[in-house]
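Have a look at the structure below, then the notes.
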């Protein structure tokens, strides 16, 4: 007998109904059993399918994060590679410029043949060339200083000659009185006496080397145009006072 609320199509109801009243209908039992197994397999497949369906939203999110991380690492790696390449290119251009500027880098070194100059050789040749330029600069500065002294001496001599000419023009008759050879000798003697005093006080006779060195030092110090001018003017004043 069918329970209230049960569907006649329910296979288990049919099974129960088939066994009710102590009567057994074999066909009804087989049909009910087959329908029940089909329903069980359908439920099992449905549950398996539901459990095997992937969560596409989570997987898409994880895949997006991994792609973002990989792309960020790739960008950093690419930026680092580009910066390193720029640095190497700058260093290479610097060495190429040195080889172009430094003359000794352009000269062929037979010890290495036709091989390309290494960076160490380029740097060493550059250092040697810079030291050579420093020496040349110092030498030129010394030459310029010597030339300036010569120019100053020439200017002093020019001023002295101009003063002599002007004095002769102002007193045209002053030179008419001829002086004797004795006066000329006294003038030369007075100049030499003055020079010998400084020479005797400056020269060392310990050895020939010291004598040579002292002579050049005495010439540079006591034979300057300005010093000689002062000596000559002083001797001339003395002779003038003696004559007049």
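A Cβ is built for glycine as well, from the same backbone N, Cα and C atoms used for every other residue.
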| message | Checking feature assignment: coiled coil per TrEMBL, candidates 130-157, 158-185. Which range matches? | response | 130-157
| task | Mind tallying the domain 'BHLH' (75-133) by DSSP state, helix then strand then coil? | result | 46 helix, 0 strand, 13 coil
